[in-house]
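Asks: Pasting the relevant annotations from TrEMBL:
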BINDING   A:Glu171, A:Arg215, A:Ser366, A:Arg370  L-aspartate binding site
BINDING   A:Arg215, A:Ala216, A:Glu217, A:Glu363, A:Gly411, A:Leu412, A:Glu413, A:Arg414  ATP binding site
DOMAIN    A:138-432  domain 'Aminoacyl-transfer RNA synthetases class-II family profile'
REGION    A:194-197  region 'Aspartate'
Number of protein chains: 2
Amino acid sequence: MTNRILIKDLHQHIGEEVEIAGWVDVRRDHGKLIFIDLRDASGKVQMVALPSNEEAHKIAGNLRPEWVIRVDGIVNARPEKMIKANQLNGELEIEIKEIEILSEAKELPFDKDTELNLDTYLDYLPLTLRTKRSSDIFKVQATILEAYRESLRKQGFTEFQSPALVGGDAEGGSAVFSVDYYYDKKAFLATSPQFYKQIMVGAFERPFTIAKVFRAEKSATTRHISEITQMDFEMGFIKNHLEPMAILEQAVKDSVEAVASNHPNIFKEFNTEKPLLPKHFPILTLLEAQEILEKEFGIKAIGELDMEPEHERQICEWAKKNKDSDFVFITHFPTDKRAFYTYADPTNPKLSLSFDLLFRGLEINSGSQRIHNYDELVEKIKSRGMDPKKFSYYLQIFKYGMPPHGGSSTGLERFTARMLELSNIKEATSFPRDMNRIDNLLSK
Amino acid sequence: MTNRILIKDLHQHIGEEVEIAGWVDVRRDHGKLIFIDLRDASGKVQMVALPSNEEAHKIAGNLRPEWVIRVDGIVNARPEKMIKANQLNGELEIEIKEIEILSEAKELPFDKDTELNLDTYLDYLPLTLRTKRSSDIFKVQATILEAYRESLRKQGFTEFQSPALVGGDAEGGSAVFSVDYYYDKKAFLATSPQFYKQIMVGAFERPFTIAKVFRAEKSATTRHISEITQMDFEMGFIKNHLEPMAILEQAVKDSVEAVASNHPNIFKEFNTEKPLLPKHFPILTLLEAQEILEKEFGIKAIGELDMEPEHERQICEWAKKNKDSDFVFITHFPTDKRAFYTYADPTNPKLSLSFDLLFRGLEINSGSQRIHNYDELVEKIKSRGMDPKKFSYYLQIFKYGMPPHGGSSTGLERFTARMLELSNIKEATSFPRDMNRIDNLLSK
């Protein structure tokens, strides 16, 4: 349809005859006039079928929601008093000349304006993804993803493809899905691109990857999904964890700015505001955060090895109030509680040069400096009760010379969910998988 | 290392003292002078340790390949007769002031300049990915990927995340991997993002995705891998298959141009040339291609339902010679031989509005217009002996109004391999998986 005009561009064609196409959003019969709101991916417009155009009027009278049509019509300016300000195409209306039906639709399972519970929303995703709210969420997600990548490229990073199929559950920790591979062998789904991005430091120094990772955790919270899109980077030749933190901070800021500039009304539409970005994100050690929790909120958390979700929310509240920031870094988690490759703080080896980034109450990123010395890493693997032989492929990078390095990992769905203050991460996941659902409920 | 200079930028610092860091590529002892070639991800430079600097000279004498070091040194211009033209840093040399060893390396398992067989190369990927050849291949791949995405964005497409975990092997056809999901249920790895990109037409009209797909084919050819990166798009409101073909042609051309401009010497280094891009890619129906095969190559292929790999090579040879093109589209494959959702040519329903794109002898892309009518699609599913109930989630998009649409799917690894004329697709895959290997050989 080479002459088709997108609905968002109609205001440039007032007085002209145009071809548009889309889905019937709603039909309203007002006496002899039939009004049709037509929707394409760029927006909506009101059209009117006049009784004088008998053929078009007859077709218009049969249209139902979600029928797909192509329309020839005149773009008429509305009279002054009919103009709807602050609404796309509020100043114009299409007078229908001709309608071609491209596709009919069966009766919808529910009224489109009904507020659906999450399970119904997910059961009907092929239909509900067409709502403005859903398509807005995923347009914002596309913007975040591209801005994040663009920021990393500008900071000297190169993208690579990290595999989803791996040979073993090497890292331990997260629950892992197993796959029936060839010849009765088992393979596994990656829980992280960690080892591969460390390997790629040898090729690019600064690799990044957008990787699918898989967690077989039996969690049915608003924060967990089984298939996650991770935005991971790693960088060689660092002095300490502050260098990847600075890269991350820039990428996060660039992503927020891109959402704000590409989607001007989005924060208002989602009843939130543009996230607060201070000149520098506040940085607290875990102990400092716990001291604030005690002093400001009366919570006895000092000495705990990680932060409770509720405490993450409170420390974010504190940062927003005291540091004008919707983001806060927590560093120096206990070395024993982080992944085996985490680099210990030389001044206090019980704590590690690790960090989490919290955003509006939720951890969206985790990172650290990594151990780069071969013998030290082998010892660490043994001390965790694991077998270095199972890591022989990965350990090659250290055996053959690895610079000091570190990196971080951001969950795209969590980042998106907090950007728009969505209450459930599944709303920020185009096709969420969890213990109960892959497209359809598994119990069905 | 905030003051570190990348090796590619040293020419801007002649006469200055600089900090550089990287891997020892090679050490050469020439009498009392010790020469070290230092490599970072941006390039190489020759350094010299003079006996007059006793400490640095002593350290330099102990360095071995792949040790990681940080160096303070003076950037000296070379005397005229020592200049190596057409070589990065051929006009300069670093006089070492101070060396800090960041990481030692064990003895390498083979000499770095040895030409390795593919299995040894893959066994030692964490080391062999550091070679210039490998890092060049994956830098080119990153360029292709970003140029392809950028071209689609410019053409009105929006990115989304297609899932890797799916509930069934709905499409039939390719061999599928099964996954142990929760509660003894089975899930599967996606063989294509096809259904999901069709669903996303409802949200974006023009969705695209960079998706991992998985094929459990028992093929050990130079063209097959088990985990593939697919660059897929789909578009609504098309007239026919020529529209997605035009989008694809532009994205492919933009990718080729990006490689040529971002990597000026790359085609020469890989003993090939920039792919020939005519004003319009030649388009042949399968029958026309078979007639050419008969006329030009004496091959009796007319009436065959698909093209043999050897015939794909020959038709590409013909297109290069006669159409000045390294690309050629083949269209109108038999409807019965394509996926069930492929749209039949209204003028001859035995043939479909489908296409493959061949590049230098290999199919790198496949696409078509799709069926958009619900009843027709249900009938087609039945006629292939499949159960429409198993497709109920997917079928919602057609039940509730779907425009005419089509799209295509490009294999990133195949595209990269043909761009640089690599003989095996595994060389264009950072971490290739096949029936014999996930990182390590499975028989080990």
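Counting begins at 1 with the first residue displayed.
Positions of Cβ are set from backbone N, Cα and C atoms, glycine also.
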Asks: Given the ATP binding site residues A:Arg215, A:Ala216, A:Glu217, A:Glu363, A:Gly411, A:Leu412, A:Glu413, A:Arg414 in the record, what is the largest Cα to Cα distance, rounded to whole Å?
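Replies: Farthest Cα pair among residues binding ATP: 19 Å.
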Asks: I'd like to know which binding-site residues lie near chain B: of A:Arg215, A:Ala216, A:Glu363, A:Ser366, A:Gly411, A:Arg414, which have a CB under 8 A from one of its CB atoms?
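Replies: Answer, by Cβ distance to chain B: A:Ala216.
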Asks: Taking only the binding-site residues A:Arg215, A:Ser366, A:Arg370, which one has a CA atom nearest to the CA atom of A:Leu412 (ATP binding site)?
Replies: A:Ser366
Asks: Looking at the binding-site residues listed here (A:Ala216, A:Glu217, A:Gly411, A:Glu413, A:Arg414), whose Cα lies nearest to that of A:Ser366 (L-aspartate binding site)?
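Replies: Going through A:Ala216, A:Glu217, A:Gly411, A:Glu413, A:Arg414 one by one, the Cα closest to that of A:Ser366 (L-aspartate binding site) is A:Gly411.
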Asks: Count the residues of the region 'Aspartate' (A:194-197) that DSSP assigns to helix (H, G, I), to strand (E, B) and to coil, and report the three numbers in that order.
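Replies: Taking each residue of the region 'Aspartate' (A:194-197) in turn, the totals are 4 helix, 0 strand, 0 coil.
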Asks: Which state, by DSSP, holds A:Arg370 (L-aspartate binding site): helix, strand or coil?
Replies: strand
Asks: Restricting attention to the domain 'Aminoacyl-transfer RNA synthetases class-II family profile' (A:138-432), give the mean pLDDT.
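Replies: Computed over the domain 'Aminoacyl-transfer RNA synthetases class-II family profile' (A:138-432), the mean pLDDT is 95 on the 0 to 100 scale.
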Asks: Determine, to the nearest whole angstrom, how far the Cα atom of A:Arg370 (L-aspartate binding site) is from the Cα atom of A:Glu363 (ATP binding site).
Replies: 20
Asks: Taking only the Cα atoms, work out how far A:Gly411 (ATP binding site) lies from A:Arg215 (L-aspartate binding site), in Å, as a whole number.
Replies: 13
Asks: If you measure A:Glu413 (ATP binding site) to A:Arg215 (L-aspartate binding site) at Cα, how many Å is it?
Replies: 14
Asks: Could you state the CA-to-CA distance between A:Glu363 (ATP binding site) and A:Arg215 (L-aspartate binding site) to the nearest Å?
Replies: 16
Asks: Using all protein chains shown, find which of the binding-site residues A:Glu217, A:Glu413 scores highest when you count other CB atoms within 10 A of its CB.
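Replies: Result of the Cβ crowding comparison: A:Glu413.
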Asks: For A:Ser366 (L-aspartate binding site), what is the tally of other C-beta atoms lying within 10 angstroms of its C-beta?
Replies: 18
